[in-house]
Structures are given as C-alpha cells and as structure tokens.
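Listed in TrEMBL:
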type	residues	note
TRANSMEM	37-57	transmembrane segment
TRANSMEM	78-101	transmembrane segment
TRANSMEM	121-141	transmembrane segment
TRANSMEM	148-171	transmembrane segment
TRANSMEM	226-251	transmembrane segment
TRANSMEM	272-291	transmembrane segment
TRANSMEM	326-345	transmembrane segment
TRANSMEM	357-376	transmembrane segment
TRANSMEM	382-403	transmembrane segment
Amino acid sequence: MGLWSAVSLIAGCMIGSGIFMSPQGVLVYMGSPGASLVVWALCGLLATLAALCYAELGTLVPESGGEYAYILRTFGSLPAFLVIYTFVLVGRPAAIAAISLSFAEYVTVPLYPGCSSLPQAVLKGVAATCILLLMLVNCWSSRMATTLMNVCTITKVLSLLVIMGGGAVVLGQGRGRVQALLFTFHNMSQQAGHIGMAFYQGLWSFDGWNSLNCVMEELKNPNQNLVWALMIAIPLVTGLYILVNISYLLVLSPREILSSDAMAVSWGNQVLGAWAWLVPLAVALSTFGSANWTFFSGSRVCYVAAREGHMPRLLSMVHVHRLTPAPALLFTTMVALVLVILGSFNPIVNFLRQVPTIIPAIMLPASLYLVLAPIIDQPQIDFLYVLLFLLSGFLVYFLFVYFRCQPKCLQVATLHLQLLLEVVPTTKNAD
C-alpha cells in the first residue's frame, strides 16, 4: 500500500454517514449555527492532535494492530487483552453493523416514499447482504478491497463537492442565509454535558482517522508514508466537513435542520430538485465504502491479536491461495450479523516520528472530559452493561490466556476449520 492508497484509506474510513447525519446532532446540543461550526473545527483539531500521537507510536512500533499493539508493547499482556477483547467482540463488529444499517436505510428510503418508518426486516436484510458482500470481497483479494476503497473514496469526495458547490450557487444567487450563519451565537449552550455530547456527534464523523495504524505491516515505507498520509487526509476531510456544514446552513434554517429526519435529503430537495435522489445514493456509497474499510482494518487487528495468543489460533491464519485473513474476516462477519439481527442503529452506536509532549498532554484531559461529561450529565444503564462486559474480560484472560486452558474439542475444531477454509499459519506465527 502506497501513500495515496493510505490517504484514500484514512479518508475513506472517515467520510461515511456521519457528515450527512451528525450536523443535526451538533446543532441540537450547541443551540446555534456559529457554535456548531466551531465544534466541527475543534473536532478536526482533536483528530489531528491524536493523529500526531499515533504517528509517533506507529513509527516506534511498526506493527499492525493499532492501539492493541501499542498497549501490548508498553503495558503488557492483560491491558492489551482487555482492549482487544472489547474491540473484537463489540467495538469493530458494532461499527460494521451500525454503518451497514445506515447503508440499508438510505438504500431503502427511495423504495418506500412517504413512509415514516421503514420495515425492520427489510433494513436488516439489506444490512446483512452488505456485510456478506464485503466479507466475500475482502476474503477474495486484498487488492480488490483496496480498489473498491479508492473508488468509494472518490465518490464520497465528489458528493461532498456537489454539496459545497450547491451552497456556493445558492450564495451567488443571493438566497443564502449569510447573516444567520456568520453572526448567530445566540442561544449557544454552555452546559458541559451538552458540549460533550456535541463533540460526540461531531467526532463520530471523524472516526477512522487511526485506521492506517491497524495495517502498518501492509504500508510501504511506513516511517514516511504514515505521517504524510495522516497530515494530508485529516486536514482535507476537516476542510470538507466545515464547508459542507456551511452549505447546509446556507440552505436550511436551524428550524428546518432540527425538524428534518435526514438533513442531507432535505438539502437535496431544496437545491437539486429532480436530482435530489443523488443524495441518498451518495450517502449509501459513502457508508458502503466505510464499512469496507472497517472490515479491512478490523480483521487485521483480530489477526494480530490471534498471532500474539490473545485470540484463538485459527484467527491468525491466512488463506493458502488468496493470502487474506479469511478466518478473522469470517469471525468479524458472524459477530456483526448477530448485532444487526438483534439491534438497531442507535443502540449499536451508543453501545510524525516525534511530537511535542504538549500534544498528548492536551489529548489526555480532553479525552477524559469527553468521556466523563456525558456520563455525569445523562447517566444510563447502558454504561453499567459496558463496565460489566469489560470486567468479564478479566475472567476470559486468566482462564484462556494466562493459564492457557485449551480444551481438546477446540483444537479438533481448529484443525477441521483449517482444512475447510484452506488456511495456514503465517511465517511469523508458524512456530
């Protein structure tokens, strides 16, 4: 993977359904258009600062696995296992399920005009089809998956440029809401919990900025390309997001934004007219591309964890002919399908070589604030479930990793699955 494929990977992961759905949430919590634009800019700044930290980590520990690899080499086995335990069983499959459900929603909306609620069976069926199709693509060829990523990324950027261009046309015709956009900080929320939730909504659109660190071993010249890819992709996406939000605010009033079920669709109905159907199509392609790269990067993390002995050995194997981590992809697919069947979008979503020391010093309190403020402001029973799931990781770790409890039935199952899937251990894990 070269530099521009790396840039495409990061941008492709970041640009998903968030920019079409999250602006409404940011405006709800901040209360004013001007303040919401400030939040979007600060979200981009936070992502850039975090990327600088990851660039240093990636060059110091040039291994695939992202956070898991860094925690493993720094803090040891148990903390790393707790990270991968939540990542593999909940985090990444839940992200795939949520993105696929978002894809399904925008694909099926044109098929049910005028319906206030879409049939859940249809949504889940389309989402499951999306997951299975992406699993087949990633199992068949890594090159095919990267090609699909490049195509989807180009489509995403073009769709954002169309929205920006539409806003520019409206502004040029004198129909834009310029005063409301530039001078309205009235009713801006000053509650810590609301500000934190606004950042949550905005940062959802930046999720994926760390995806390249998950596939470091597949990156050419990682010491140089990692830094350049991060510093090109994240500012580019941040600029696009801010300009797209300006276009939304030029066309739609705050009242229209808050009352709209799909803000991008409302924008398209006012600006594109008969071509408004392009908006749900663009969102569907964006979410499809994001799901593809969530698959690609997530399966590599699962593969690395199995190679280190923190997941079943079968997940560390690759296909004999395709050289793809087929078992890890299949495992991620199964968990994501279960989440799609049992859940819905909102519960799933809820469920440089050296950098100055000041950057991680800023990121730590900022991260603590973003975690604690919404919990204190709006405590929910879901937070307890997450804590209990994390605590269960201690039991699994000591039973299967520390004491190496390996029932013979699992060894037999591994051998049979190895024959069925035509997978073998990699050279690094062959011993």
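Positions of Cβ are set from backbone N, Cα and C atoms, glycine also.
Automatic prediction, not curation, is the source of TrEMBL annotations.
The transmembrane segment (226-251) and the transmembrane segment (148-171) are in contact, since at least 3 Cβ pairs between them lie under 8 Å (pairs 6 or more apart in sequence). Remote same-chain partners of the transmembrane segment (78-101), defined as residues 6 or more beyond its termini with a Cβ less than 8 Å from a stretch Cβ, comprise 16-17, 67-68, 71-72, 123-124, 127-128, 130-131, 207, 287, 290-291, 294-295, 298, 301-302, 305, 308, 310-311, 331-332, 335-340, 343-345, 348-349, 351, 389-390, 393-394, 396-397, 401-402. Through the fold, the transmembrane segment (326-345) approaches residues 88-89, 92-94, 96-98, 100-102, 105, 120, 124, 127-128, 131-132, 135, 138-139, 295, 298-300, 302-303, 306, 314-319, 351, 417, 421, 423 of its own chain, all at least 6 residues removed from its boundaries and within a Cβ separation under 8 Å.
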